[in-house]
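Record features (TrEMBL):
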- F73, G74, S75, D86, I87, D88, D140, K201, Y210, G219, V220: ATP binding site (BINDING)
- D86, D88, D140: Mg(2+) 2 binding site (BINDING)
- D86, D88: Mg(2+) 1 binding site (BINDING)
- 520-529: compositional bias 'Basic and acidic residues' (COMPBIAS)
- 540-584: compositional bias 'Polar residues' (COMPBIAS)
- 1-187: domain 'Poly(A) polymerase nucleotidyltransferase' (DOMAIN)
- 192-337: domain 'Poly(A) polymerase central' (DOMAIN)
- 339-506: domain 'Poly(A) polymerase RNA-binding' (DOMAIN)
- 497-596: region 'Disordered' (REGION)
Amino acid sequence: MAGPTPREIEVTETLKEELIRQKTYESQEESILREIVLGRVAALVRKFVTTVMMQRGFSEAVASAAGGKIFTFGSYRLGVHGPGSDIDTLCVVPKHIERDDFFTHFEPMLRDFEGATDVAGVPDAYVPIITANISGVAIDFLFARLALSVIPDDLELRDDNLLRNLDERCVRSLGGSRVNDQILRLVPNVAVFRDSLRCIKLWAQRRAIYSNVNGFLGGVAWAILVARICQLYPNASSGAIVSRFFIIVYQWEWPSPIMLKPIEDGPLMVRVWNPRLYPSDRAHRMPIITPAYPAMCSTHNVTQSTQAIMSLEFKRAAEVVDRVMAGTAEWSELFAKHDFFHKYHNYLRVTASTGDPNLQLKWAGTVESRMRQLVMKLEFVDGIAVAHPFVKGFDAVYYCKSEQELDAVAQGEISETVAKQALEDIAGLPSGRTVYTATFYIGLGLRAKQSGTSGMRKLDISYPTSEFVKMVKSWEQFEAGTMAIVIGHIKSSGLPDSCFDPGEREGPVKQLKRTKSKKIKDNGEDVPNKKRRSEAHIPDNSSALSVTLSGNDHLPSDQSATSNRSDQQASSGAPKSPPVSISSALAERAEEAYVSRSEIVKSSVLPFGENVTVATGAVTSAS
């Protein structure tokens with residue numbers, strides 16, 4: 001295959017320059033700090049193993065010789081991390097160490113570790129994890145227990161036999177490091193792969209579609225996608241890889257899987273991704289398969305809504321890069337900020353709150369890890385076309401003088417007075433409380449109102465919201481007296497300023513003016529959107545929507561209480577809060593922009609007359 005053209009070389013250079021301007025590369029000082037922190041963490045893991053084994057009766061000599069090793073994976077291992085990026089770190093220990101020890105011994109050791117803050121363990125996650133910040137470096141710790149008495153310093157994880165006699169959670173934990181190593185071995189040019197992936201990561205983050213936990217794609221999936229395009233074009237420059245990436249992925253015939261190599265059998269009786277055998281695997285909407293044994297789907301969290309959202313983002317990106325290749329646009333346009341908080345008239349706001357900072361880290365993480373379940377439940381509600389989750393929560397701390405202020409904060413209603421209060425304002429007050437909150441948002445796109453209908457539209461989401469609240473409260477560490485969760489409806493005009501950059505509320509994001517915003521008619525035809533909707537100009541008219549919610553509770557004013565107020569209301573027969581009525585013209589507006597993939601007009605083509613069908617077909621057939 002021919003090498004890059006002069007134009008491709010030129011746009012590759014401009015891409016690298018833009019990535020530098022966007023500050024995607026860390027400084028040398030930060031790089032050195034990361035290495036120092038990782039060295040300290042490696043020593044802590046060995047100390048953890050030695051301490052636990054000695055408590056179990058092993059001699060100091062045997063315990064010290066048992067070892068323990070860390071392996072990095074994710075963006076740091078792939079060489080595409082940026083300033084402030086976290087480091088995914090796998091702690092590999094010998095067979096004498098149990099998973100419970102990771103949370104009962106290693107987590108407390110982290111809390112006492114010099115420079116460590118924000119330590120929080122989530123033992124019941126799909127992949128159990130401890131998060132921490134050490135000397136300003138964010139680290140996510142995973143645990144894997146091998147069937148070995150000693151973990152040698154030169155241990156490598158490539159051998160499939162290391163997976164023998166391990167539980168599924170350990171196999172999943174080992175997968176991150178093993179998958180990253182395979183990706184780097186399978187790409188034809190590591191430097192081109194890294195530059196291309198750095199671009200795609202920045203784009204996905206700016207467009208708010210980089211989040212596996214919320215139903216979009218995570219780091220592994222993006223890396224596999226980029227690696228596959230690199231395999232298809234082994235001699236291409238990074239600019240050309242990015243150009244082809246968006247066109248091929250946008251026009252991909254899902255659910256055909258994307259793989260870097262054929263799925264292999266291994267020595268274990270473990271589940272390998274196989275849609276012919278497993279119905280749950282057939283349900284995967286955008287299967288992107290990991291290259292290491294056992295092969296797994298890295299995109300099992302993708303929902304109907306998030307797939308539609310990503311499809312439109314692929315389309316937009318392909319059009320922008322087409323113009324970049326033609327010389328009529330700059331790379332900076334590709335990285336324009338998302339418009340999530342401008343896109344919808346109505347949002348759901350999920351607020352998780354406690355009165356303890358350490359407890360809040362775990363509680364907020366638990367709620368966030370289950371937000372995708374709420375999205376999937378909302379997709380089944382009549383009238384909802386798309387449930388669009390935002391990819392991060394908003395953390396805040398409030399100081400309340402009274403029970404009324406406490407209730408309002410737990411409900412997500414923050415007055416200007418409470419927002420300005422500081423710790424010293426509640427010092428000495430018997431009713432003074434500190435509240436820690438994490439707020440998550442879901443944009444609601446509604447289907448068009450049927451012609452000939454009039455009056456208030458009713459949207460009853462009491463079932464999905466109440467079921468979601470029950471789900472998060474079933475967490476084994478949930479404490480009714482100290483934790484609260486509230487789901488509320490909020491109009492776009494009522495979104496807090498924390499959702500926007502300074503000056504953003506006055507109008508659309510300046511970067512977005514370079515491209516035409518579009519909406520899609522019921523027949524799927526793209527037409528220019530004449531004016532971007534602004535929160536301050538949402539009309540109130542007779543076409544209204546009634547939203548019914550259920551399942552909310554309150555944060556008790558007394559943090560030592562054993563039951564929350566919602567439970568007390570339920571037992572006393574207190575009436576539920578009335579439905580929230582909101583003025584809306586949703587039926588005729590841009591929320592109907594999300595349509596099925598088959599309805600979207602595919603306008604972008606591969607450059608230089610390349611055949612998309614051949615390229616995409618090669619992705620599944622090539623080894």
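Yeah, the Cβs are placed from backbone N, Cα and C, and that goes for glycine too.
Heads up, TrEMBL stuff is auto-annotated, nobody curated it.
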Measuring Cα to Cα, how many angstrom lie between F73 (ATP binding site) and D86 (Mg(2+) 2 binding site)? 10
Between Y210 (ATP binding site) and D88 (Mg(2+) 2 binding site), the C-alpha gap once rounded to whole angstrom: 16
Chain-internal residues, separated by at least six, CB under 8 A from S75 (ATP binding site): H81, G82, S85, D88, K201, G219
Between D86 (Mg(2+) 2 binding site) and D140 (ATP binding site), what C-alpha distance do you get in Å? 7
Just how many other Cβ atoms lie inside 10 Å of the Cβ on D140 (ATP binding site)? 17
Among the binding-site residues F73, Y210, the one whose Cβ has the most other Cβ atoms within 10 Å is F73
Does anything in the same chain, at least 6 positions from I87 (ATP binding site), have a Cβ under 8 Å from its Cβ, and if so what? R34, V37, L38, T72, G74, Y76, H81, V137, A138, I139, D140
Fewest other C-beta atoms within 10 angstroms, as judged across D86, D88, which are the binding-site residues: D86
Would you mind listing, in sequence order, the residues at least six apart from V220 (ATP binding site) in the same chain with a Cβ closer than 8 Å to its Cβ? G74, G176, V179, N180, N212, T290, S298
